[in-house]
Amino acid sequence: MKCALIGNPGVGKSLIFNQLTGLGVEVSNYPGTTVELQRGNTCYQREIIEVIDLPGVYSLDGASDEEVLVRRFLEQQGADVIVAVLNVTRLERNLYLLLQAAEYGLPMVVVLNMIDEAAKQGFTVDTAALRDLLGVEVLLTSALQGKNIDRIIPAALSAARPATLEVPYDHHIEAAVRSLDKMQGTDRFASLQALEGIGDDAELLETAKTIAEEIESRHRMTISQIIAANRHNFARQIADSITVRQKEPAPSFDLDTVLTRVIPGIPLLLGVLLAMLLTVFIVGGWLEGFIVTLFEVYAVEPFTALDLPGIVEAVGIAILLALQAGLGIAFPYVFLFYIFISVLEDSGYMTRAAFLADKAMHRLGMHGGAIIPVTLAFGCNVPAVMSVRTLRSRRERMIAAFLVTMVPCSARTVIIAGIVASFIGLAAAFSIYAIVFVLIVLTGLLLSRITPGERFGMIMEMAPLRRPDPELVLKKSWMRLSEFLFIAMPLLLVGSVFLGLFEFFGVMDVFEAFIEPVTEGLLGLPGYAATALIFGILRKEMAFETLAVLAGTADLGAVLTALQLYIFAIVTVLFVPCLSTITVLHREVGSRVTLAVTVYTVALGLAVGAVINFAFA
Amino acid sequence: MHTMHPSTCEDYLEAVLTVTTGTGRPATAEEIAGALETDPDTAGTALSALVRDGYLVRTPEGGIDLTETGRERAATVARKHRVLQCFLTEMLGIDGAAASREACTLEHEISDETIDRLSSYIDCPRPRHPGRRRCGRSTTTLLDFSEGDTVRVTVLAQPGCNRRLLDLGILPGEMVTIRRKLPNQGMVVRAKGCDIAISPEIAASIFVEKSG
């Protein structure tokens with residue numbers, strides 16, 4: 001049996017899914033976290049039940065990716081039972097979706113979640129009244145406290161029925177439904193869909209369109225508006241009739257008076273971001289040193305002591321180095337970073353940040369929602385590119401993909417810290433950040449002018465502020481980290497092995513001889529630095545080590561001038577995202593954009609390097 | 001008693017409709033005479049004729065109200081008046097008072113068919129002209145109001161693009177409260193008990209009027 005969870009974003013669907021199946025689904029207090037279907041199994045009375053977590057949607061009639069996905073799923077009867085999850089604290093708006101879902105006629109069970117929150121706000125819901133109205137089983141649950149979650153599957157198995165109530169639509173709409181029934185024999189649901197222009201039957205759509213135009217001209221509203229208004233009004237009536245107010249809630253201090261004002265909201269936002277980056281770099285740097293030393297002492301040194309034959313040793317060392325670099329960076333920087341991001345998301349602060357940043361993001365051709373991919377990119381570009389899909393238009397996704405890959409991720413930060421900060425100085429390191437940010441802004445300004453496609457503004461529900469649950473925060477950070485570990489890491493390993501083999505067979509030297517005249521003339525860098533640069537695509541976080549290995553010394557200051565180190569660092573930071581990012585880019589935005597991003601960043605890196613070289617040499 | 005001219009009859013019915021809708025209770029003969037700028041005697045005679053013809057009824061308290069037939073006929077005329085006035089002011093640019101007088105004359109002769117066509121001609125949304133002014137509707141958008149104001153949504157421009165607004169409960173007829181408005185015009189509005197952040201260009205496409 002298949003059982004699908006449907007509901008608005010942020011109603012606790014994913015949390016319920018987790019509790020039902022024990023699987024790790026990313027849970028977020030941020031609209032649009034689940035874009036794909038999540039499936040998991042649970043066992044009840046020796047029967048295996050497949051549970052599907054549908055992405056959170058506000059409606060089933062819209063054109064966004066998630067809405068189309070859920071609509072198709074319901075149309076194809078992808079599930080035997082629908083479990084409609086509602087947030088009782090936003091009952092009216094959640095009932096609106098329920099009324100739509102009920103029209104699909106699938107057997108359903110209604111789950112009123114967050115009942116603990118409702119009790120805090122001084123009200124409860126008359127489930128018997130709702131059960132009578134809908135004609136389906138209604139459960140009161142609290143996913144946070146795990147209350148009544150165990151009753152969902154039994155109810156879905158034994159008591160799921162199609163809902164019996166019908167939304168009373170405007171009499172013109174009802175008349176249209178009747179005449180479509182008479183003319184073409186379509187049922188109520190198909191007629192309503194056709195009036196809104198949804199469906200595949202061309203003849204029906206054509207007839208419906210004529211009727212719809214007539215109604216629209218009389219009402220001075222679109223059919224969708226009329227239907228939405230009818231559903232909202234009906235939802236309000238239901239909500240009013242089933243809400244039982246027990247006591248007036250105590251007026252609580254509204255944190256939004258602080259968070260969403262320009263002052264102190266924006267300084268607070270900048271402070272939060274800065275504090276997060278600083279903490280990650282200080283604590284992460286300490287952990288990195290610790291892990292790298294561990295690896296050095298317990299893995300690399302014993303391995304070299306084995307004195308294996310040449311090619312085996314080269315491959316082995318390459319694998320160990322990749323693991324050392326990957327784990328040395330993944331755990332300390334990326335994991336810490338994702339813990340912070342998860343706290344910001346789950347507390348509901350991220351939607352405030354998106355609101356405050358909206359105007360600035362507009363200038364760069366995106367809207368406030370793009371703040372998520374951009375901040376994620378500081379950790380690792382791979383999950384950041386993957387989160388680009390939550391943006392509304394292709395235009396925005398393209399711009400975001402471009403800018404996200406330019407944001408210095410933790411691997412590039414290691415280069416800035418390891419090369420510039422230690423050999424030249426802190427001010428020089430910050431100047432690299434400054435240059436990169438200016439270039440990101442300029443690129444955004446340019447892209448927002450030249451990228452075709454419609455501009456959409458932001459329409460985003462502000463998530464309620466709540467205290468993040470430590471377990472959920474850790475779980476989510478782990479989910480994101482696993483995107484790094486299982487997508488980026490294997491590619492790093494492969495890249496590293498190739499690099500080791502190239503080195504072993506002397507490919508590097510041939511390449512070096514070939515590239516040296518170009519880089520020396522253009523960037524003022526010796527051939528081996530250029531090689532480190534190029535192969536940095538394979539393992540960017542290792543560019544520093546590669547350079548050290550190729551230079552034959554870790555004391556880079558002795559073999560390269562400050563200017564050369566600076567140029568090397570800035571070109572590496574700007575230059576092509578790593579192989580893993582390219583792979584994910586290709587999957588998310590397609591080959592043309594990926595190629596454009598790659599060519600652009602290579603050109604930009606070389607150009608900036610050359611300009612600095614000629615200006616200061 | 002002579003039969004009333006249809007236009008006079010319609011003028012009276014329209015006046016009764018306007019007065020009763022405005023006050024929410026049956027009208028008095030004086031109010032109707034005042035609205036039509038005639039003397040109370042003439043009005044009294046005309047009203048009696050209309051009661052006899054079944055368009056009006058006298059209430060026990062001595063007021064005058066529309067019957068179902070009367071209300072229908074009055075509504076038809078009132079709609080014709082609105083459409084004509086809209087056409088004259090908005091499309092032809094005639095000044096409001098003059099347009100109203102003109103509409104009063106034309107409304108009795110024009111056919112239902114013509115009015116329907118004229119109405120859809122005025123309403124027909126032209127591409128690239130979102131949020132065109134509409135007669136009798138407010139032309140203020142969310143941007144014209146400030147933090148703390150509660151307003152009623154009247155029209156959504158570009159209804160196709162912003163489907164999400166409908167689903168979040170920001171649609172014609174709904175009340176929304178502006179919770180926060182930034183100097184850059186970004187705002188948070190409360191609709192259906194939820195806070196929704198919207199960009200300035202979205203706020204500019206939401207036409208609203210002051211509630212109450």
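Note: Cβ is positioned from N, Cα and C throughout, glycine not excepted.
Sequence annotations record features per position, and here TrEMBL assigns domain 'FeoB-type G' to A:1-162. If you look up TrEMBL, you'll see A:268-299, A:311-344, A:364-386, A:398-424, A:430-450, A:484-502, A:522-538, A:566-585, A:597-616 marked as transmembrane segment.
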Can you tell me which parts of the same chain pack against the transmembrane segment (A:268-299), counting only residues 6+ beyond its ends and a CB-CB cutoff under 8 A?
258-259, 320, 323-324, 327-329, 331-333, 336-337, 340, 344, 349, 352-353, 356-357, 375, 378, 410, 413-414, 417
Count the Cβ pairs between the transmembrane segment (A:430-450) and the transmembrane segment (A:364-386) that lie under 8 angstroms and are 6 or more residues apart in sequence, then report whether there are at least 3.
yes
Same chain, outside the transmembrane segment (A:522-538) by at least 6, Cβ under 8 Å from its Cβ: which residues?
492, 495-496, 498-499, 502, 508, 511-513, 515-516, 546-547, 550-551, 560, 563-564, 567-568, 571-572, 575-576, 578-579, 606, 609-610, 613, 617
Please indicate, using numbers and ranges, the residues of the same chain that are 6 or more beyond the transmembrane segment (A:311-344) and have a C-beta under 8 Å from a C-beta there.
272, 276, 279-281, 283-288, 291-292, 295-296, 299-300, 303-304, 350, 353, 375-376, 378-380, 383, 410-411, 413-414, 468, 472-474, 476-477, 480-481, 484-485, 488-489, 492-493, 495-497, 499-501, 503-504, 539, 541-542, 545
Residues of the same chain, at least six outside the transmembrane segment (A:566-585), with any C-beta under 8 angstroms of its C-beta?
381-382, 385-386, 401, 405-406, 408, 411-412, 415-416, 419-420, 424, 428, 432, 435-436, 439, 487-488, 491-492, 495, 523-525, 529, 532-533, 536-540, 543, 547, 560, 593-594, 597-598, 601-602, 604-606, 608-609, 612-613
